[in-house]
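Asks: Here you go, one structure.
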Amino acid sequence: MNLRVVYLGTPQFSATVLKTLLEAHTFVVGVVTRADKPQKRSSKLVASPVKQLALSKNIPLLQPTKTTDPAFLSQLRKWQADVFIVVAYGVILRQELLDIPKYGCYNLHAGLLPAYRGAAPIQRCIMEGETLSGNTVIRMDAGMDTGDIVNVNHVAIGEDMTAGDLAEVLASSGGEILLKTLREIEAGTVRYIPQNHAIATLAPKLTKGEGLVKWDAPAFLVYAHIRGVSPAPGAWTRFLFQGKESRRLGILSARMESSSEPHETPGEVLGVAGEDLLVACRQGSLRLRIVQPEGKACMKARDFFNGQSRGAVLFF
């Protein structure tokens, strides 16, 4: 493949895709990634996974503070790219930048457009109880995930799959669908299908508060919510400490127990099953497996429960 490619991306998802392209001998003439960020609880700057990969392969690298900076745009033009590939770069790109490459800019979106446009398609689709996801490659325009569709692949969402699990699967298959797109661009056989904007839905970035579990819902939706916010921002609830004080409890692992029986008190602890804790939802129940009380280490749910007054209630 002789296309000159500039790659824009930042997180591990994007690094996995870039690795696939490089292993297929894609001619990546430059990489653009976000500025290094301080570590949590530290002032030490950490390079993005995409930057680390680019440096290990001796690929020219840019980290602009602003993508509208004239000096940055000038350097992009000097790379004389045929195509820009954008995968989770993290910034909306202006038309001036999109117009630089000969054949345009193409984005790998980790969702089935026009559904779940935005920063969190993986998390949102699981939280909504979807059973199918996939990657969509679009030719970018100035809108947010609004460009014409070029290629799509589909991935089944397993019943216990978390957002982290699905991200790994989509990243692995995302590189292949981009390689297919690049071959079609080079051969002149690429096709563009306009999105149906009337049926578009949004998937905005999750806040920490959205990790809060609401037990007053069917168990399958509560479980979908927990899986969708795992590993980040993470699921959590509150429990009654000594029958009066509410404290935060992180939920690191859970499983469906049943989905049919109704409960008058969602969030009530129904009992212990082996190492797990059975918790009532509005309809059905869940097993909590691994939890983390605020300010403490992770522990088995049974051990947490044994340390509380029996009959403690989880609530939303």
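Using the three backbone atoms N, Cα and C, a Cβ is placed for every residue, glycine included.
Annotations per TrEMBL:
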type    : residues                       : note
DOMAIN  : 4-181                          : domain 'Formyl transferase N-terminal'
BINDING : Gly111, Leu112, Leu113, Pro114 : (6S)-5,6,7,8-tetrahydrofolate binding site
DOMAIN  : 205-308                        : domain 'Formyl transferase C-terminal'
Asks: Quick one: among the binding-site residues Gly111, Pro114, which has the most Cβ atoms sitting within 10 Å of its own Cβ?
Replies: Gly111
Asks: Restricting attention to the domain 'Formyl transferase N-terminal' (4-181), give the mean pLDDT.
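Replies: Reported value for the domain 'Formyl transferase N-terminal' (4-181) is a mean pLDDT of 97.
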Asks: If you count CB neighbours within 10 Å, which one among the binding-site residues Leu112, Leu113 has the smallest count?
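Replies: Least crowded of the binding-site residues Leu112, Leu113, by Cβ count within 10 Å, is Leu112.
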Asks: So around the (6S)-5,6,7,8-tetrahydrofolate site, Gly111, Leu112, Leu113, Pro114 aside, which residues have their CB within 8 A of the centroid of those CB atoms?
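Replies: The surrounding set, listed in chain order, is His109, Ala115, Tyr116, Arg117, Pro121, Thr136, Asp145, Gln195, Ala200.
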